[in-house]
Amino acid sequence: MGFLGVYSAVYDYVPAGEGELTIKEGDILYVLEKSTEDDWWKAKKKASAEDEDEPVGLIPNNYIQEAAPSGKARALYDYTRQTDEELSFTEDAQLEVFDTSDPDWILVGFEGEYGFVPANYIELSEEEQHKEAPAPSLPSRPRPASVPVEEEAPAAPQSPLSPQPAETPVATPAAAIAGILKQRQASAPAARAPPEFTPEASDEEPPTPTLPARPVSQVSVPQPTRGQEHDREREPARRYSPRLPASPVVTASPPHNRVSFSTMGVVNDVDEHKAARAPGGFHMYNISEMVHVMGKKKKMPTTLGINIATGTILIAPEQARDGPEQTWTAEKMTHYSLEGKHVFMELVRPSKSIDFHAGAKDTATEIVSALGELAGAARAEGLREVIAAGSGSGQKRGQVLYDFVAQGDDEVDVNVGDEVVIIDDVKSEEWWMVRRVKNAKEGVVPSSYIEIMGAIQSASSAGINAGRSTVEQNRLEEARLAREALKTAKKDEVEVGPGMRLPERGSSLFARDNGNQSGEQKRRESVRESGQSRSSKSKPDPAKVRTWTDRSKSFSVEAQFLALKDGKINLHKMNGVKIAVPVVKMSVEDLEYVERMTGISLDEDKPLSDIKKQQKSRAAERDSSNGASPAPGPSASMGAGASIQTPEYDWFQFFLSCDVNVGLCERYAQAFKRDSMDESVLPDIDATVLRNLGIREGDIIKIIRFLDKKYMRKDGKRNVSFGGEDEGEAGLFSGPGGALKNNTRKGRPAPAVQTNDVVDANAFSQNGTEKSSPQGVATPLANAPTPAEKDVKREGFDDDAWDVKPSKQETTSSPPAQSIPAAAPQQPVITGSMQELSLLSTPLEPVKAQPTAQASPQPQAPPAVTPSIFAGIGNQQTGVPQPQPLPSGPLLPANLARQRPAPPQMTANSTLIPPLPPSRPLSAPQAASAYAPPPLQAQATGYGAFQPQIAPPGQSLHDLNQQRMQQQQQQQMQQQQFMLQQQQQAGMMQQPTGFNQFNPGVPNNFQQFPMQTGNPQQPFIPNQTGTPFANPPAQPFQPQPLQAQPTGFQSAFPPGQQYPQPTGVNSYLPPALQPQPTGMMNGANGFNQNFTPPPIPPMPQQQPAPMLPQATGPAPPVRFGVNGTNNIAPQPTGRRANLAQATPQNPFGF
């Protein structure tokens, strides 16, 4: 359907949102959609002359009104719309005309629909023609001689008064076409041109002369006059110098490829151009030229003039702004064709591809007829043929010496080494007309750039053109080029020439994807180049051409064999195309031909059936040559001249008989048929062939089993194996007959039997004639019990684990025969020197000592745990055992004997803590000293045995801890007394040295002296750590201070109390030794040398801290009814939280 309505804008509207359309008062709008929900309609605005686009958007429906029709029209023919914007109608239909601004497409309405219709399909009413005639924008047209041109001059100043200056020349073609149609209907068939478009000769201007040759003396182009405008060649100055010309440069104006004369000062208007071309001989046609603007095809009013007498073609746009007029001679037209209302022309020098829209098919036919007469007269085929025959000379062939870049429309680009044909070298000595052989382009180039290579022989004197006239040769050549161009056009989807669609009306709703004029020109040139390149392809040698056929016998081609490369056969076809065909696709005959030509064997690429047939045929030929009659069979008639078509073997039935799945039978059958296999190859089929054909492994076993059974094949090579190895009669998983083995049964291996290991020397005796008597000495093997015979066949498992077997004691109960070996024969005794030389003496053997078997100690089982053990643990005493007293007196190094320390004694009253390790033995490396080192204190490492500590009845763990601490204090006092006694016996007193740098604090009962050399030490307090038993902290013991014996100066101060030093490790390890400076202080305090230092107080000696028991193990049981300290209370577990009774103090509600 077309438009829903044609409306005109009543008010101006500026868009307020996206998607809306700007309209002004008086704009013509085409309504596309009418909304039923709101007052916004979708419309398209008619494009003005300045704005070629037709925007689409939303407009308010109260800003527009329906446009009134401007006239009526009657349909001359039936028409069916081609696009959505067009309108269909029938013959004699009455149409309402709304817009006639486009000369070819009229906006009309018919039966409530609106759209565009072709102008030549309708006839406007008299009112419409009368209304359009006096329009002020009517452009000038060629008129009879009685109407002077000067009378139209006053119309020029009136054109600015028009509200639409750009539409001034638009209505003229429509009015002219309407007049032409009216005259054709009222009168007889029209003449060559309508009277309106055939102006008479002007009295002021002479007839248009023919195109003169370029004069040598002319250097520049003078200011053109009316009588000389059509004679301009625009290139004389360039013909005599390779440099840029002094004349104006002819520039191309995209996209219409029109020349511009702004540099020449040409300001002549359209009227002057028309007046210059009006004189007799010219047939004028007011048509439209299809040009491309912004990617769209538009129609540009143009005047086409054809002068058959002078052989001139004139093209002049209606408006001067579209470009000046251009002229070509007849020989510059290389192509013309007709397609409906379109006329296509190809012109050179300057090159231009033109698409004219004649408006009517009759007009287009008339134009093409005139162009045909013009081309025939320009070619003068008969006259040229007579002249060529009389002169006996042809065109010259030349080669380009230098690169030349065209600087004008009549020149052509050439490169060094290009081959050219010299068309004209007579008109000018410095500029020659040539045709480039590479792309068939013609133009002028400097003659100094070309070197003549010789003459070109005429094509009509030899070859297929011999005896044909030039006209017939040209006709054949044109027909061939037309066919090639048509093929290329179909291939490249280029709609040029026959079959081209009519150009549709340019619209924003209908996008066109055709190329522009320059693109069409390039495509046409490429078509010509491709046609020439195809014709210039090399052809194969006819003597070596043969027919090649593929393996399926479906395709064949005549070509020449070139080479065999990369598994492909290179062929040269008759049309010059070179192809490469895989070897596997060629027939056997072709492969044999290639083998004969190259000497390379191609048996791997041949079908297996053909190879078998060839082998059998060769064997039959050998048999026949030897006089033996060939065996009857399919190969007996291989050498016969006539072949008998035998029916194909039914492979489908064959695979069915092999128990192959029905769905796979057809696929396997096709594979065998593709390989051209028949029943003759069945005896030779093996697993490898089947795998190559794509048969599955399971089906391969079935097929091989069927063939073995059918042809009674017993060879190992017929069996199917895995990994390419033959298994002989039986395979790994199948038996001799092809049946699958049951490998799930596995028997018990036979037991090893021990034989006699005594070598019988009689077996090596030389008496070979004597045979051992059957009564021999019984061997242990003979006396061994014979195992029970097993059944050959068993049902179920072959394992005999359930069989009754003799006990092993029976076999070992008969060793007498084995312990009595046979008496060895006595060897002759060799004495004397013979014994020394003899090799028969037995070598000496060392006597091996029998190792004594040591009885391994039997591991004693740990005693059973009974309640009495736990009862006895509570009576044990805790504490550290007393160290062993050392021998008194000084111990010299000579008295340091290697002694093993005595193991600790375990008594019934020992503590729960494991006994401490013994003191370090004196055999260990010691410092060499004349005095005995202090005894090493035993250090307990690790933790005690994991035994629960159970308090006896009536006591708690707190009581036990207090008793333990008292025992430890007593033991510590005993150790200190022992140390004092040892020091007195040794004759030396230990002197504490060094400073305590870890604890600078001083106890309250210590009196500091001025020259104290060591800081007192605090008492060592063991670390108090928390235990899971919630034991109260143990009270630190208070050791008795040692009485230090000062040396040197006698001090009147009482000795300081010694305090143990904490080390920060744990209570089990002694503190680390600190380096202590010794010696006297020199006079560092600044006093004179006779200063007597005060006495040095004794240095306290650090003693090892006693060990404290650490409670380990599980918590002790809770005993009720015992008074004393608070014992550990059992903690209830496993209860469930009761949130209903939860309080801040008891959040879980227990």
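Backbone N, Cα and C atoms are what each Cβ position is placed from, and that goes for glycine too.
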Inset, instruction - Among 1026-1060, 1061-1095, indicate the range for which Swiss-Prot gives the feature region 'Disordered'. - result: 1026-1060
Inset, instruction - Would you please say which range out of 951-1000, 1101-1150 has the annotation region 'Disordered' in Swiss-Prot? - result: 1101-1150
Legend entry - Helix-strand-coil residue split for the compositional bias 'Polar residues' (1140-1150), DSSP-based: 2 helix, 0 strand, 9 coil
Inset, instruction - Calculate the per-residue pLDDT averaged over the domain 'SH3 2' (70-127) and state the result as an integer. - result: 85
